[in-house]
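Before anything else, here's the structure in question.
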Amino acid sequence: MTRRLWDISPAVQAASPVFPGDTAYSQQWCATIGPGCPVNVSAITLSPHVGAHADAPLHYDADGASIGNVDLDAFLGPCRVIHAIGKGPLVEWEHIAHAVEHLPARVLVRTYGRAPTTWDQELAAYAPATVERLADLGVKLIGIDTASIDPASSKSLDSHQVIRRRGLRVLENLVLDEVAEGDYELIALPLKLVEADASPVRAVLRALA
């Protein structure tokens, strides 16, 4: 029996929202099918933070590992989706406490009723204390359906610094609009980009049974 899949990755295209000043997605055709050419070949340019992505420690730590040198285990396995819809600007412990019993090692928080298709300067982020408590419970990956686990205006990146210190991994820009609260299998592997500070992922959830 085939287990149901939920695609939790947004479409990546020229209109995909990016942090102000970041590199948007663009594509050009280097070759097209026609006389003397049997294939279409394109070149793409984008920030690795466009769409669903995994941050590497290098993104928030000058001496951190690049995404191509990060262990993959955290990005694959049992996961819990917790709803904190409309909560913010920070997701506090009280917003997720109803669903933290017997947590698996991966937690994704849904804050949007419907994910926006344009940049959201007022995005919801994790409160650093929430990340600390999740780490205390053995969580090794956190994710969110906004562009960052820190507020868009943050210069200190307090929640990123918690995951640096506690050794957690992170997924951002997920789409959880159609996902009920509960437990799933997460599959969200980053590319082996040897020197990059992040990587796009094709994030999916799979039913446990």
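In case you wondered, yes, glycine gets a Cβ from its N, Cα and C as well.
Per Swiss-Prot, the features are:
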type     : residues                    : note
BINDING  : Phe19                       : substrate binding site
BINDING  : His49, His53, Asp55, Glu172 : Zn(2+) 1 binding site
BINDING  : Asp55, His160, Glu172       : Zn(2+) 2 binding site
ACT_SITE : His59                       : active site, proton donor/acceptor
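Describe the structural surroundings of these features, if you would.
If you take the C-beta of Phe19 (substrate binding site) and look for same-chain residues 6 or more apart in sequence within under 8 angstroms, you find Ser47, His49, Trp119, Ala147, Ser148, Ala152.
Taken residue by residue with DSSP, Asp55 (Zn(2+) 1 binding site) is part of a strand.
A sphere of 10 angstroms centred on the C-beta of His160 (Zn(2+) 2 binding site) encloses 24 other C-beta atoms.
In sequence order, His160, Asp197, Ala198 are the residues of the chain that are 6 or more apart from His59 (active site, proton donor/acceptor) and have a CB within less than 8 Å of its CB.
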Where among the binding-site residues His49, His53 do you find the Cβ with the fewest other Cβ atoms within 10 Å?
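Each of the binding-site residues His49, His53 was scored; lowest Cβ tally within 10 Å is His49.
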So which other residues, same chain and not among His49, His53, Asp55, Glu172, have a Cβ within 8 Å of the centroid of the Cβ atoms at the Zn(2+) 1 site?
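Not counting the recorded site residues, we get Pro48, Ala52, Ala54, His59, Ala147, Ser148, Val170, Leu171, Asn173, Ala198.
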Sequence gap of 6 or more, C-beta under 8 Å: which same-chain residues meet both conditions with respect to Asp55 (Zn(2+) 1 binding site)?
His49, Ile67, His160, Arg169, Val170, Glu172, Asp197, Ala198
